[in-house]
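Report on the following structure.
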Amino acid sequence: MKKLVFSALTALTLISTASHAQEVVRIGTLADYAPFEYKDASGKLQGMEIEIGNKMCASMKVTCQWVTMDFDALIPALKARQIDAVLAQMSRTAEREKSVDFSRIFTTAPVHLVAKKGSGISNQPATLRGKTVGVQTASTHESYFRNRLPTSSSGINVKVYQSLDSAWLDLESGRIQAVFADSTVAHDWLSKGGQQAGFALAGQAISDDAIFGAGTAIAVRKGDSKLKAQFDQAILGVHKDGSFQAVNKRYFPFSILPQ
Amino acid sequence: MDQLALLLSQSWPALLDGLWISLQLLVLSCVLGFALAVPLAVARSSPQRWIALPSRLFMSAFRGTPLLVQIFILYYGLAQFEWVRDSALWLLVGDAFPCALLALTLNLAAYMAEDIRGGILGVPAGEKEAATAFGMSRLMVTWYIVVPRAIGISAPTLGNEIVLQLKSTALASTITVLDLTGVARRLSIESYTTDALLLAGLIYIVIAAVLSLLTRYGEMRLNRHQPR
């Protein structure tokens, strides 16, 4: 009986390897991070990273499966082997490198505060005293405020959102006075109505390499050097052959190609 | 297990803060919800249509939609209207905690009202007749006989609603309230593990056990005159 089960299993494995000639890579991403990755009205996953990601998968000769979840679930899911990689504008930071490995830098990620025009809020912390700033949970923006400007000394309240979409809603309703986010998604929100409602980027981009890292990259499980090497190769490919720039241009009036 | 103990020793102040918020949500929503449920149930049982109908509509609206949807509508939905932001209502829905409390209270009131209505139907006709024979007015019969008896009859289900409500409070974390679930999520984000959630689960189990003991005791007291 044991033998029979065993041979049946072997047969099954053979069949499944035969029908899946291409390796499947499950990539974790977000469903609400326009314009990088978001679900359109029909529920289809769209966005700049999805487009380029699919291109890279084709060049790697693997079948990519997109899996959407909340940002804070991505690394735990990666470690639990529910996904094999993360492509979700995740900044490559020393903190995260303790738990996962990263590919080479995929995009740069400047960060900006967004606030009402004429509110007096700028990139100077003093202008935020007594105000509430919204950030996405588990993001570098959250850790910036937690580490550099803790409420006790700065007088700045921080409200943490599961998704950035909710933070924009609260900014519009006035529950919070500013949102701290990547300049790219901020630009997208401003151009889709935020500007019309009287909001704008507040002051210059904020720089702090120790917290924000050099840019975003693709995360893989610690020690998965094969997949990391494949992604490194694929990223270099799209950066070199101009396809990254071509897609970039359709989404943003500025370049996020790493130097 | 060692990991859990370590986590507990490191982050118990944060977890305690979260637990405190959860308990506040639970106790306040149960007290307010119950206070609202009694008149709702009485109105719902009224033979007069114009009294019963509003209560009936309220109950089917809140029992017919998911609590999560109610929380989102109260928090994000209402905030989009300028007249809401300029009105006194903003004091209630402008901040996350009162908004979550409002949703939890209204939702629980609808469920408890339905339970108490069942209790009202179960009050033996003989008891009401006896009260009337003593010369009590309709209002007195309702207030002194029907309502207390109905609450006693529905006590086991009401107790169950309280335990269910404990778990509903976790939904407050979806609108940035840092209750026990919210804190556990934050902790598990920092460590990239689910240990904190496991710990929160254990805390919920303990509270639920205490709650069911308390409600069983309450049931016995309410129905202590009953022969068994």
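Just so you know, glycine gets a Cβ as well, placed from its N, Cα and C.
The domain 'ABC transmembrane type-1' annotation in TrEMBL covers B:19-215.
Taking Cβ pairs closer than 8 Å, the transmembrane segment (B:20-43) reaches residues 51-52, 54-55, 58-59, 97, 100-101, 104-117, 119-120, 142, 146-147, 150-151, 158, 162, 165-166, 169-170, 172, 177-182, 207 in its own chain, all 6 or more past its ends. TrEMBL lists B:20-43 (among others) with the feature transmembrane segment.
What TrEMBL lists as transmembrane segment is B:55-76 (among others). Residues 40-41, 43-44, 93, 96, 99-100, 102-104, 106-107, 109-111, 113-114, 168, 171-172, 174-175 of the same chain, all 6+ positions outside the transmembrane segment (B:55-76), place their C-beta atoms under 8 angstroms from a C-beta of that stretch.
According to TrEMBL, the feature transmembrane segment maps to B:88-109 (among others).
Residues or ranges marked as transmembrane segment by TrEMBL: B:196-214 (among others).
Long-range neighbours of the transmembrane segment (B:196-214) within the same chain, counting only residues 6 or more positions beyond its ends whose Cβ lies under 8 Å from a Cβ of the stretch, are 4, 7-8, 11, 15, 18-19, 23, 159, 162-163, 166-167, 180-181, 183-188.
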